[in-house]
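Presented below is the structure to which this report refers.
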Amino acid sequence: MATKDDGTNSTLEKPNVSVPLLTSDEAKQALGTMTEDDPVKSRVELRTYKVRWIVLLSVALANLTNTYSWICFASINTITNQYYGNNYADAVLSGIFIATTIPFGLIAIPLSDKVGLKNSIWIANGCNGIGNLIRMVSCFMGEYKAYGAYFGTALAAIAYPWIMFTPPKVSSVWFPSNQRALATTIGIMANPLGVMLANIISPAIVSVPEDVKLTIFIGGIPAVIGMIVTFVFVHRNAPLFPPSVTSVKKEMPYWKGMKEAFSNIQYLIIVFILGGGIGMFNTLYIKINDILCSSGYKSSFSGACAALMVIGGVFGSVASGIFVDRTKKFALTMKLAMLGAIIFGLSFVFSGYFPGMTYILIITALLFGFFGLSAYPNGLELAAECTYPVSEGISSGYIVIMGQIFTIIITKGIDIFSRRATGQRASEYQVCYDKDVVNDEYFAKDFFYSNFFIAALGILFVLVTFAFLRPVLKRTLADKNTDEEMTMPTKAI
């Protein structure tokens, strides 16, 4: 019984119907020349499509606006607290975001492969856009505006794991092997770019509590626009023809991929060190104004330092992305990035404890960003390399979740080791609150012991990186072995 090739597994009623046959020459022309190693590889047609940049842009825009909605209160936390009428509003908004991403991240990882890349991008932009829309509406809810903001933030936070999982997936499916690290860098670096914009815009436009709604709208409107653009233009999980042979690999089932990834010691090391690095960066974004305002630095300067970190990170990430695309020296890049990040990161937090260290803080912030942020996209690509052919949703997803877990741990640790500022720090240095506002609810903090807590963790991450990171680049080896056997060139469309 002959099978009808329409994907329905139905059969032909008349098996003896004559079908015109191809001649030998026609068959060769259609199938290409076979090889002894693999008759298929030499007949695979590879193409790159310009639309890949639109797909990447939709992910990057969601990443940028989602992060902006999370971090926009950090550099104006004291004014935000006054706007919402309590001293913990900024902490609740940040805490809701982080806490929401962990359980929903665990759900998103197995679902991302089932629903497909297109639907993952739709979910990310949909939750982000609607969540930000609710936050904007909450500004007109009077005494209930805080609750509206909390709910909108929680909904936007659901988008975060879907957003953070997708850049490595987009780069793997839509981009050729020599553009993957750069594509991942662009998708990932939209995250710290959102941080930079939040730390520049919020202090610049918010001077009184009622101004807080302005920064909510500045982040919310682009998020809604990004949602609409995604629904209109993103309609495919993958290109019609792949950009590389490994782009069309048959991925492992979720539980098999989980077993493969978590039995890989090198992957576990990457999860630990990169998750810790993400946690330290997130914590610094959240706490930077608290840390610096107690030493006399205004919120505008705190925002500028955060922006400098991102500016340095953009240069560092692009440079490292181009470098590893050409050399594939992922491990070396990771080690240097972690070492530089810890040296300049600790220099920043300890310098920030003292007044009058403006220029040192500027330099260390820039260099901290250059090294620290370059580790992030490089680390996600390294995780995909050493776990291949495990899904990028798994390899990157658990790193993102570990980053959020470390964010909670480090943020809580800083709070535990901090003390209420006293002496000159409370009476002369601090600019966190106006002197006539300071009371048992609104007060500056002393982060002396917290800095040593951060230093201990940072040194631990560097030691683990240099002592144990020895990855095998499985995906690069697969691409290399395949490229040596390929006879058909890649086409650009």
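For all residues, glycine too, the Cβ spot is worked out from N, Cα and C.
What TrEMBL lists as domain 'Major facilitator superfamily (MFS) profile' is 51-474.
Sequence annotations record features per position, and here TrEMBL assigns transmembrane segment to 51-71 (among others).
As annotated by TrEMBL, transmembrane segment applies to 91-111 (among others).
Feature annotation from TrEMBL assigns transmembrane segment to 144-163 (among others). Listed as Cβ neighbours of the transmembrane segment (144-163) (distance under 8 Å, sequence separation of 6 or more from its ends, same chain) are residues 59, 62-63, 66, 69-70, 84-86, 89, 92-93, 96-98, 100-101, 104-105, 108-109, 112, 120-121, 123-128, 130-138, 216, 223, 397, 400-401.
Marked as transmembrane segment by TrEMBL: 183-202 (among others).
Residues annotated as transmembrane segment in TrEMBL: 214-234 (among others).
Proximity of distant same-chain residues to the transmembrane segment (265-288), defined by a Cβ-Cβ separation under 8 Å and at least 6 residues beyond the stretch ends, is recorded for 71, 74-75, 94, 98, 192, 195, 199, 302, 305-306, 309, 334, 338, 341, 345, 349, 372-373, 375-376, 379-380, 382-383, 386-387, 395, 398-407, 409-411, 414, 454, 457-458, 460-461, 464-465, 468-472. Here TrEMBL flags 265-288 (among others) as transmembrane segment.
The annotation transmembrane segment is assigned in TrEMBL to 300-324 (among others).
Beyond the transmembrane segment (330-350), the same-chain residues lying 6 or more positions past its ends with a Cβ under 8 Å from any Cβ of the stretch are 273, 277, 280, 284, 291, 305, 316, 320, 323-324, 360-361, 364-365, 367-368, 370-372, 374-375, 378-379, 381-382, 385, 447, 451, 454-455, 458-459, 461-462, 465-466, 469-471, 473. Per TrEMBL, transmembrane segment is recorded for 330-350 (among others).
As annotated by TrEMBL, transmembrane segment applies to 357-376 (among others). Within its own chain, the transmembrane segment (357-376) is flanked in space by residues 188-189, 192, 274, 277-278, 280-281, 292, 297, 301, 304-306, 308-317, 319-320, 333-334, 336-341, 343-345, 347-348, 351, which lie at least six positions past its ends and keep a Cβ under 8 Å from the stretch.
Annotation comment: TrEMBL describes 396-417 (among others) as transmembrane segment.
The annotation transmembrane segment is assigned in TrEMBL to 448-469 (among others).
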